[in-house]
Every structure is written in structure tokens, then in C-alpha cells.
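Asker: Copied straight from TrEMBL:
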REGION    A:1-25  region 'Disordered'
TRANSMEM  A:43-65  transmembrane segment
DOMAIN    A:113-313  domain 'ABC transmembrane type-1'
TRANSMEM  A:115-140  transmembrane segment
TRANSMEM  A:152-172  transmembrane segment
TRANSMEM  A:184-205  transmembrane segment
TRANSMEM  A:243-269  transmembrane segment
TRANSMEM  A:290-312  transmembrane segment
């Protein structure tokens, strides 16, 4: 404790001498309520392990996938429709079987996960960026700007996200020359899904911003004449990120499913670069002819991915909600 | 008296509390305004503590926010050291003026950003006003400031939630002092604190005032705190000043019937058995204030004139009072309060 | 000696948390007689509200009464079934909280709420209950009670609402009223009126009051005896005038000295250094010892109990030798 050099008389420190020493940064983090609630929730632990495994599979697919399903040279049409856990005509072993073109289902799932996660994550980030900026602006300024932004959000929220995404996708198709469509498809998909999901973020951020801007730490900054944009970024934004993280996690699960739906409908990523949705679309053609594995394994993967991310989001929401502690 | 540091002239502020546009159109109701502050004038000299005291709806916090520029006045002027603040400040001049005044807030839990470390919080004015250019200089200054308010420089590494209410208010005071202001608006700085902590903060504020020659506007609903802190006191009722007097006089010889009632309402914690009248009535809704003098429905001396004509603040024995009864001499002097002028050892 | 209305003996309330068990109320004892107002005063974290909550059986889990006993007119109420406790609350113990809206249901008229309470607890007819309710509202100072009884809570001002709550607390003619910061949310001029009403009505009805507040002024105006709490313990208990004019415990002395005076000019207020310890870090020995100006060795090791030191006064402080009452 420092020397007291308060003018006049000494104002003693308001600290009880037996107060424990504050723990180090890492110990403090491990001791936090979030970590505590994590260790107390087996469902969350399982969900996070599954999500982590799936993400690792996606990231390291080129290294760990048994085959490269997109290298035409390695494909053998004779290997088509090999059932799971069996050796094919050409003597190759396929744990989850092959599809009609002889592509290894396990490998296509790994590569499909890559596309699904990439599109989902970027679309969510894009939605977050738009939603946070508009939400901050609406919540801090209020008035007409707020009314306009929130009415647009209301209108958009009254349509299903998939419909909005289809609409944007359709418009983009019309604008992009056919020769570039295949290369741009993933980016169009990201923009379409992102634009269909910003409103949730905007609403939440706006509400939280309206609460924060009433608080006196914002008043203190305003009295000093700090620029509103600096106030928003440095003061308000860090304090509204809690709920945003929750929606972002749940939003990621939704974006992945949305991408899968679009791809299933055939308007998503091109078949040369299949995502989980594309794989399911391919698989469903063979379901009734007995080749169930082509559909089943990608579908299970999609469910596991969406469910585990969603459960993580649910847990995060509860862990960050002080009322439930 | 030399030129005042702060001169508030005919300050008014209305709030629009109308229903939304659609409701107004459909239900055919007009816009509704509340006069939160109505034609308030006062001056504050350098180095003094001027207190504004009042109950809920008196407009005291609104005046605080008007002075520091968080709200724009509907009417009137706020002149700080000869320059008008109400007209909106621009550029370098604004920066120079803003540096000279600061505010301390009621709730020390809301007035510190929970995501910032104390060092960042206290250093914010240093950065904004660019008084300390390098990070090292700023850290040094923050250390000084934290010691000044009775915390330790090492506390700078902590977050606000690691402190008690009183300690947080110390951090808020350190931030207010950082850029060497002359003038501090204190909006109920101790009403969220326990009494023993309140005593610490009040003592600290007095010490700092003596050391740096600070001028305070001290806003509170607590009469004994106001008496302890202020040189002069303005009593507010429903947005209007009803009486302004030096602290000692206000308590010894309250003039306005509302001031008298307010003094009678304060619990006698010292159990001196001072004579008190029973308090009656409630504060009317600011949405629908009584005509004439706002206090007339509760005033034992009210007559027809009080119900019609709004009394202006006029000097009475040298002190401004807004009361027809006092002006006409029909209200007797209140009983002198038994005030023992004992100075602390 | 007459039997006390409320008798609390060695009450202890604990909260198990993941960092250990916190003791919010630690071994406190007091009695309240019929017609008496006991003020329980303390700063935030002193355990005063928790004591009130324990008496009415409303401690939020995981908190629980882990020791001692509470008797209402000789009958234990700390270990009875929740149903039985619910019947006692409202009937034999009335409650007044800081926010009147926690006691009033916004969806029902005042008449419905008071009449229903009267009829649940006293066996009278609808018309009789209504008559009583109007009389009661009149008594608590609601003008034009016969008409206003059919209003909704939101149609009353804050002060009037608190009067309604007082009427509601008293309508079943309880033996004991627990008032937890009943005037804290109100303006000074309204506060004075509410204090008067509460005091007068309870005296008329010979009900005992436990008045929990942080405001020494309210205590001075209202209470007959006062219990000063610090860090979950009883620091001092005795007649109000004695405690205020001649406090024994150094904490009470500091508390009284830190209140700015309305009649005396002081340059500085007396201040107690430091702040109330957190429940997780209550010092060994006397919990006040790190802040006490008169601390000596024994205070740091041994914990003082609130023992009688003068007629009708108990103090938990080693400065005062225990006096066995003759």
C-alpha cells in the first residue's frame, strides 16, 4: 500500500488489512464464474468437444482426409456405391462408403464441413458487422435514424431468413455475368446469408446501447467532449458485446443450417465444391435405392455441428445472465 | 462580490413527455411538456460551494445536467467565467472551457465503465484534453491522483467491480480532478453511500476544495449534508427556486414556508427535541403543477393571490425569497432554530 | 415479565457458495415486546434485512437458517412447514417493504386486495370487511377513502401507496410488523408523515414493530429500542435515547459521529476508516477490529458477544466488562 499523501488529514485506505491478495491473471480467469458454470455443465463440455473435433476435421481436412474427393485423377467410378466399412472393387477401404461417383463419403464430409463452416462463420461475421454498426447508431442517436433502421429490421424479421437469402441470391445471380458465377457463388452466399441475419444483432445491440448510453460513464465522456464515435467504440461497444456473443454463437448454427438449406435447394455452392447441404442433396437421390449412407452420414454431421454450436450458445446465454447464477 | 464564476440566468428546461405521434393523432391529444426547470437564476462565486436542495421533481439534477452541457436549455443562459455555454461550444475554445469543469455523479457503479481498468478511467481526461502526452506521464499522474483521493497507485490495475462503493466514488473524484478543473458539479455524490462512507467522501471533498480552491455546485436532497458542505443554499420546489440564502441563515431563519416545512421534516437524529410542526400534503405532479405559487396547496399561509400569481424571487432582508406572504409581511418570522455554533475541536 | 411478541435467540443465517459458507447473520438475539418498536440499523452488508427475512421465513435459497430459534409469542416459527409459515405471514406478521409495489398487485383494485386479506385471515363477511378496509385506509391518512378504495395501485402517489401498504400490513391485526426500509424510497417531507402514521397505528393496536433501516434519523424518530448490526453481528442494543446520546460500541460512536449535524457547525465529520468487510473476509476476533480506534490485542483474537453491560443494554465489545443483571 502506498504512502498516504491526502491533503489536510490522512484519509485512511478503505481496505481491510486482511483482504486476500488478488490472484494472477490466469488464475483469475480460471476462477471466473463462466469457467465455473462450464465445468458444472456436462452437456456443454460434450458439445464443445464435438464442435472442436468437427472444426479441427474441417481445418485439417487436406491433411487427414483419407482421399481427395475432388481430384478427378484419384476417382474411380467403379468404386461407386461402396457400402460403409468395406473394401471396394479397386481394393480401397472406405469407412463410411462412397457415393455414386466413387468419392469417399468420410472425405467429402470433411471437405464439406470446411465449406459449411467457412460460409457460416463469414456470413455471421458479416451480419455482426452490419448489425452492430446499425444497432449502435440507432441506439445512441435515437430519433428518426433509429426509427428508420428499426422499421427496416422489423420488416425483414417478418420474413423467413431463407426467403431473404433466396431473394438476395437471385438478385446477385442477375447481376453477375454467368462466366464468373461459379467463382463468386460462395461469396454471394456469404453476403446473402449475412444480410438475412443482421436484424437480430441490430435489435439486441440497439437495446443494450440505449441502456448503456443512459449510464453516467457515458455522461462523463460527453462532458469532456469526447466524439460520439469514440464513445460508441471505446465505451459502449465493449459493454454490449456479451449478448452479441450469445446471438453470434446461435447465429452461427443458424447460418450453417441456412447454407445447408440453400445448397440443398441447389442455389448454394456449386457441386464442384460441395458443402454438407450439397452432400445431403446428392444423398437423398439414392435414399430409396438402398444407398442410405450417402445421405445419412452428412446429415448426422450437420445435425451434430448445428446442435453442438447451438448448445454452446444456450450455455453462454445462461452463463452471461446474472439472474440465473 | 467580484464577477461570478458561474452565472445562471432565467434558465428553463422543458421536456416533451407526449405520447407517440400515432397515439396523438388517433386519440386527438396534444403534445405534453413538463417544465422541469422554470426560470431559475443564481450566481456562484469562485471558491464557494453553492448547494441546490430539493425533493423529487424539484429539477435539481436537471440543472446539474444543464450546467455541464449534457442537456440544452429551453430558455435562459449559463455564463461560465464570462462566456456563454448555452449557445453551444465549438473547437478550441470549447476544449479550453470544458477542461475547467467536471462532474461527479450519484451512482458510482454506473459512472465508471465496468470494462476499463481504473488507470484508463482516470487517464481519460488526460488523453482527451491532451495534458499529458506520453503514456508514462499519464501513468505517473494517475498514480498521484489515486494517492490524492486515498487509494494506492497499484489500484490502477484493478477493475471497478473490485472496489466498494466508497472506493469507486474516490476513483470518480480522481477522474474529475485529473485535468485540474476549477469547477465541479456534484450530483448527489454521497446519496448512494452508507453514512460512514459518506463522511469519508464529504471530508475528502472538503480537503480537495481547500487544497485546489475548487468551486462546487452541490446537489442533494439531504439537508444535513447540504448544511455541512455549502456556503450558500438554493431551495428548489417543482423546478423553481423558492429561496436562496447563506447556509447558516437558511437553517437559523428559514423564510419560505416550504423551506420551513422541509426543515421540520428532517428527522431529529440528535434527539435535541427541537420544536417541529407536522408536515402535510405531498409534492404535486410536475405534469400538472398548481397555478400561482406551486407550493400554495400545502402552504398554511396561502391566500387568493398565491393561487393565481406566480411569486418572483425578490430580496427580503438581503436574501432572495419567492413568496407573496413574505413580501407582504403577513407571514411571521419562523421560530429561530436552536443552533449551537460549536466548532469541532 | 410479560412474554415478548418476537423472541430471536442465537439466530444464524448462512449461504453456502462455491467458495465456502458465508455467514450473513451471525448468532444474534433480541426480543420485541407488544407495542414496542425495535429499530434494526446497520450499513449495507450488515445483515439487517436478512434478519428481517429470517423472521418472516423468506430467505432466498440457498440461504438458510442454520442455527438458533425464532419464537412468535412463545411458539417456534423458524422450523415450521412453508404452508404454516404462509398462514402466519399476513395474519400474525404484517410486512412493509421499501418498494410499495412489491406488496401491491398492480392488477387488482386496492379494495380487492385489502378485503381479501381481511377475509382470509379474519372470519368476517364481505360487507364488514369492506367497512373495516375503508376505516383502515382512513386511519392511514388516505383522503376520501370510501371512494379511493376502488382505485388501482398505480393511481396513488408513492407516499399514498406506502400508506396503502401499511393498511394492508395491519388489516389482519397482526402481532408483529416487519418494516424493511419503509421510508427509504420517499422524499423527506413524505417520509416524516409515513413514520408518524406507522408509529401511531401500531401503538394503537399494540403491535410490535421490527423496523429495519440504514437511517439513524428514522430510528431516532420511531424506535423505542435500537439494535446496531455490523458484519452480521449485533454490535449494540439498547433504548434509543441511550444509544444515540451515549453510544458504547466504537462502531456506533463512529456511525453517530459521521452523520452531518443540523444544529452544530463542524469542519470535518468524524470518520470511521475503511469499510464494512465482505462476508467472505470477516476478520478474526471482533469483526470491527481493523477499523476500531480503540482496538487492543484481545479484539484481534477473541470474538466479543453482545453481553449485558448496563440495565437493558448489551454491547459486543471488550472495552465493557459484562455485568450480570441483579
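Cβ coordinates are placed from backbone N, Cα and C, and glycine is handled just like the others.
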Asker: Do any residues, 6 or more residues outside the transmembrane segment (A:243-269), come within under 8 Å Cβ-to-Cβ of it, and if so which ones?
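Answerer: Sequence-distant neighbours of the transmembrane segment (A:243-269): 115-117, 119-121, 123-124, 127-128, 132, 161-162, 165-166, 169-170, 185-186, 189, 192-194, 196-197, 200-201, 204-205, 208, 275-278, 280-281, 302, 305-307, 309-310, 312-314, 316-317, 320.
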Asker: Could you pull out which residues elsewhere in the chain have a CB under 8 Å from any CB of the transmembrane segment (A:115-140), counting only those six or more residues past its ends?
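Answerer: That would be 54-55, 58, 146, 149-150, 153, 186, 189-210, 213, 228, 231-232, 236-237, 240, 244, 248, 251-252, 255-256, 258-260, 269, 273-277, 302, 305.
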Asker: In the same chain, who gets a Cβ under 8 Å from the transmembrane segment (A:290-312) while lying at least 6 residues past its ends?
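Answerer: Hits for the transmembrane segment (A:290-312): 43-44, 46-48, 50-51, 54, 81, 83-84, 96-97, 99-100, 105-106, 108-109, 112-113, 116-117, 249-250, 252-253, 256-257, 260, 276-277, 279-280, 282-284.
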Asker: Checking distant contacts: for the transmembrane segment (A:43-65), what same-chain residues at least six beyond its ends satisfy Cβ-Cβ under 8 A?
Answerer: 104, 106-107, 110-111, 113-114, 116-117, 301, 304-305, 307-309, 311-312, 315
